[in-house]
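A short worksheet on the structure shown next.
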Amino acid sequence: LVTVDCSDYPKPSCTLEDKPLCGSDNQTYSNKCSFCNAVVDSNGTLTLSHFGKC
(Lines of atoms letter the chains of each structure in order from A and count residues from 1; the text may use other names and numbers.)
(Lines give C-alpha, C1' and ligand atoms only; values in the text may rest on other atoms or scores of the structure.)
Protein backbone atom coordinates (compact mmCIF):
# COMPACT_ATOMS: atom_id res chain seq x y z
CA LEU A 1 0.00 0.00 0.00
CA VAL A 2 1.36 3.39 -1.00
CA THR A 3 0.64 6.21 1.43
CA VAL A 4 1.32 9.92 1.75
CA ASP A 5 1.40 11.73 5.10
CA CYS A 6 -1.26 14.43 4.90
CA SER A 7 -1.24 15.33 8.60
CA ASP A 8 0.03 18.88 7.91
CA TYR A 9 -2.86 19.67 5.57
CA PRO A 10 -4.97 21.39 4.39
CA LYS A 11 -2.80 24.31 3.31
CA PRO A 12 -4.26 27.55 1.94
CA SER A 13 -2.04 27.53 -1.14
CA CYS A 14 0.12 25.05 -3.01
CA THR A 15 3.31 25.51 -4.97
CA LEU A 16 3.39 24.77 -8.69
CA GLU A 17 5.84 21.93 -8.09
CA ASP A 18 5.26 19.19 -10.66
CA LYS A 19 5.46 15.83 -8.89
CA PRO A 20 2.25 14.12 -10.00
CA LEU A 21 0.32 11.63 -7.90
CA CYS A 22 -2.61 9.51 -9.02
CA GLY A 23 -5.59 9.43 -6.67
CA SER A 24 -8.06 6.62 -6.10
CA ASP A 25 -10.57 8.78 -8.02
CA ASN A 26 -8.38 8.25 -11.12
CA GLN A 27 -7.48 11.94 -11.15
CA THR A 28 -3.89 13.16 -11.49
CA TYR A 29 -2.85 15.71 -8.84
CA SER A 30 0.11 17.94 -9.68
CA ASN A 31 1.83 17.49 -6.32
CA LYS A 32 1.48 16.27 -2.74
CA CYS A 33 -0.04 19.55 -1.57
CA SER A 34 -2.91 19.55 -4.06
CA PHE A 35 -3.46 15.82 -3.44
CA CYS A 36 -3.50 16.22 0.35
CA ASN A 37 -5.90 19.17 0.16
CA ALA A 38 -8.23 16.94 -1.88
CA VAL A 39 -7.84 14.13 0.68
CA VAL A 40 -8.93 16.51 3.46
CA ASP A 41 -11.86 17.73 1.33
CA SER A 42 -12.94 14.11 0.79
CA ASN A 43 -12.92 13.40 4.55
CA GLY A 44 -10.27 10.75 3.99
CA THR A 45 -12.13 8.75 1.33
CA LEU A 46 -9.57 9.70 -1.34
CA THR A 47 -6.41 7.60 -1.24
CA LEU A 48 -3.21 7.42 -3.26
CA SER A 49 -3.32 4.97 -6.14
CA HIS A 50 0.31 5.44 -7.21
CA PHE A 51 3.00 8.04 -7.79
CA GLY A 52 3.06 9.56 -11.27
CA LYS A 53 0.27 10.45 -13.66
CA CYS A 54 -2.84 8.27 -13.75
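Glycine is no exception: its Cβ is also placed from the backbone N, Cα and C atoms.
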Candidate set ASN26, ASN43, annotation N-linked glycosylation site, source Swiss-Prot, matching residue:
ASN43
Please work out, from what Swiss-Prot records, which of CYS14, CYS22 forms the disulfide with CYS33.
CYS14
Member of CYS36, CYS54 annotated by Swiss-Prot as disulfide partner of CYS6
CYS36
Of CYS22, CYS36, which of the disulfide-bonded residues has the most Cβ neighbours inside 10 Å?
CYS36
What three-state class does DSSP give CYS22 (disulfide bond)?
strand
Per DSSP (three-state), CYS54 (disulfide bond) is coil
